[in-house]
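Worksheet for the structure shown next.
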Amino acid sequence: MNLFNLDRFRFEKRNKIEEAPEATPQPSQPGPSSPISLSAEEENAEGEVSRAGTPDSDVTEKTEDSSVPETPENDRKASISYFKNQRGIQYIDLSSDSEDVVSPNCSSTVQEKKFNKDTVIIVSEPSEDEESQGLPTMATRNNNDITNLKNLSFFPNYSDNLSTVRQTRYSENLSSDLLKLIDSTSTMDGAIAAALLMFGDAEGGGPRKRKLSSSSEPFEEDEFNDDQSMKKKRLDHGEESNESAESSTNWEKQESIVLKLQKEFPNFDKEELREVLKEHEWMYTEALESLKVFAEDQDMQYASPSEFPNGKEVSSRSQNYPKNAAKTKLKQKCSMKPQNGFNKKRKKNVFNPKRVIEDSEYDSGSDVGSSLDEDYSSGEEVMEDGYKGKILHFLQDASIGELTLIPQCSQKKAQKITELRPFNSWEALFTKMSKTNGLSEDLIWHCKTLIQERDVVIKLMNKCEDISNKLTKQVTMLTGNGGGWNTEQPSILNQSLSLKPYQKVGLNWLALVHKHGLNGILADEMGLGKTIQAIAFLAYLYQEGNKGPHLIVVPASTIDNWLREVNLWCPTLKVLCYYGSQEERKQIRYNIHSRYEEYNVIVTTYNCAISSSDDRSLFRRLKLNYAIFDEGHMLKNMGSIRYQHLMTINANNRLLLTGTPVQNNLLELMSLLNFVMPHMFSSSTSEIRRMFSSKTKPADEQSIYEKERIAHAKQIIKPFILRRVKEEVLKQLPPKKDRIELCAMSEKQEQLYMNLFNRLKKSINNMEKNTEMCNVMMQLRKMANHPLLHRQYYTAEKLKEMSQLMLKEPTHCEANPDLIFEDMEVMTDFELHVLCKQYRHINNFQLDMDLILDSGKFRVLGCILSELKQKGDRVVLFSQFTMMLDILEVLLKHHQHRYLRLDGKTQISERIHLIDEFNTDMDIFVFLLSTKAGGLGINLTSANVVILHDIDCNPYNDKQAEDRCHRVGQTKEVLVIKLIGQGTIEESMLKINQQKLKLEQDMTTVDEGDEGSMPADIATLLKTSMGL
């Protein structure tokens, strides 16, 4: 019994004392040892009703001699539901889908409810006691001692002077062994815990800790679980007799779900499947996903029948595998709660919720259980000798950056650890860590957690390496045999169009991973035709007999392009567009459910797929064969709501298309892998998050461990990702040149920038939130681009005068001038300038053209545009800010340049027409685009110059924008010009972006020493096998 259950036990006893102080003592135990217990006869007469305040999962089998507090017979309820909170008890669930997101139940309980003094808070966190389904049954031999000892705990201040126990009237019922045990401890908590360990384990009735190497445990737990199952069946039968007709219908539905699940997993008992469904609130798809993960783990540990020449060896192995171990592991895998890995200090301060939440941040919190729990026993007080050496070696040799990976180890603590070196022995390490201010022995135990996490990642790497070797071996073998492997262009594709050689390699790679039951990421650089390769793959599946349905999820800006390309390349595929207003999507859903529509492929946008519960429900219930996600880097954050919702899409296979798989850090790449291969990676989510979440550093600052992490990531992603860059596959593609233009600010702009910088610098010390710091950065960026993005020229006096003049306008004659003034105060200079142009009475307040063009970047841009127009070049001009595009329109009109504009406000239906107009009308000189709206999936190869007026914090967004021109179909050399404000924050942004780009180079380049060796790259082998 851990202290959580002990506290709940006391609470129940205390309530029973208040409610039934005159209850009859149990005849089998005379005396005052159990003054609040019911008799055994009364207990048995009640039909095995569980004790009040205990959920069904905590009900245990009672022996004849056990004394259990119960609710009086008249007050007893017919059934106790697992999901109903008992009166006076608040359950707080610390489990959640993401480490960064607190469960809604938890937050509402903590923030909105005020607990009274009689309320017991039970923090619901998986523990070893949950495996034994509640409070353990004590051995009958020592049952009186333990019961008496627990009764003593209800005396006030019992723990202040434990010696007074001998003076109580209960001491006469205590055995000599128990009295000796009381003398050996200083608190009653310690006495009870020691008694449970001493007497409970002696008979096997104590708290059961899961031990992988135990030989006697399977039989004992098997018997316990079988009894538990029989009891649950009796309870279920009792509940059914009292339910209404509606409840009976619900029960029938639940039974049908159980039968449906049993068809998928015939080896599991119905009771086991019912428990899994209860854990997932009777959601069939979620329970199915969890069971698949469990089944996959079992397949990995025990060989399949195909590995043996006869079935006898397999059956003998399966017989040796204890039934209860499967049940235990099933419960661990399918419960959506984190399992404790290792925490030596868990017993200390166990009733502090803050400490529990704090500790849970470093527990293994993956969706389907932690792999640490499978490999290491939890909660052991003794440090194994094997880990002593590893910890000593790590703390002795690790760099400061590596030490900061230890949970709760800051940069300052890591610096202190390095100053304490050397650590010659385990005792010396313990002594130095304990006696140094700011450090504690906790760091040693947390270091073990880190080492375990690294072991998990290493196992995952080895697993991925095995898969990669199998794929390589098969392709090599097929290449040597010749023929039989090459997947030609599918015949149902448009015969007037043909795939390029590297696109055929991509199609063969997709077919290869599909045949091996894997999912993948097609990560070719932007402009290499990932869309065409995905369509060709769907055509290949169609010819193989897999006619769908498939789902394609795309950004809103590319949905028209996808529909066009599918109809052009493969008109055989019937496409259904799931897009439009809520009413339109409702009608489409009705047609899908009624099967009025015939389709092979559904095309929708990220927003339409998850925007409402009805949308999510459709794709959660609809059985899909393949789900393809275009611009897959939108799934780089595994903690986002979008990520969690899209994970629920019911598809057998997943394929991600992205031109930028690595953006800010390695964790984003791991998030993509977890999305496409959840069965393999979701059990190690927390370990992956911690091992790959550190920030990137410049090459000269990278430690050996940093480089090892990059090598580890490359090894993990190797079987699941295909990445080609243009320089490798398109020798005929014209080159792309980059040019940085440092733009000196105008005199007035520089003065305004420095004033803003100094003002923000003074207030920055008072800012604690990151959001406020981001706002500072944004204000500086806006001033570096153009002064009119702030309010400088329209002073408060001018605004008051303008607000009075606005009353003369027919639309504002009855308005309040104070409210008009407030609205004007939050507007920028350019917005106020546009307002003055709209209303006649404030026309005189318009800004002069000199002020509008007074920007350092505008001076440089004007000269560049004039030169390019003379050469006959065409320009695509990007900006992060739509208001900056408004000001750029004034510049282009002033210089009389023809232009088109596309941003986030442009209707989806109009975008494809604007793109076609620019590509066909060569007299249009400039295409204005916002980076976010126009940087994805748009083909603008008719232009050969890309100008980035202001760069993005994420350099891959800029790369996406650049490749609107530098892609298949481009015939001219592409020039990319980046305008950087000299002496501004943009110079620092440029340096950081270059560091992020370096990470991609590290991930995609070939390691030194690999050249000249046998080609191991799958793409290279496929190319060789196809004779390309």
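Cβ atoms are placed via backbone N, Cα and C, with glycine included.
Quick caveat, the model's predicted, so the values are computed rather than measured.
Looking up the ranges 129-146, 687-704, 723-740 in Swiss-Prot, the one annotated as motif 'Nuclear localization signal' turns out to be 723-740.
Swiss-Prot assigns the feature motif 'DEGH box' to one of the listed ranges (30-33, 514-517, 630-633), namely 630-633. Sequence-distant contacts of LYS726 (SUMO2 cross-link), defined as residues of its own chain at least six apart whose C-beta falls under 8 angstroms from its C-beta, comprise GLU525, GLY527, LEU528, LEU733, HIS966.
For the domain 'Helicase C-terminal' (860-1012), the model's average pLDDT works out to 82.
Packing around LYS998 (SUMO2 cross-link) is summarised by its Cβ count: 15 other Cβ atoms lie within 10 angstroms of its Cβ, all protein chains included. Across the domain 'CUE 2' (253-296), DSSP helix (H, G, I), strand (E, B) and coil residues number 35 helix, 0 strand, 9 coil.
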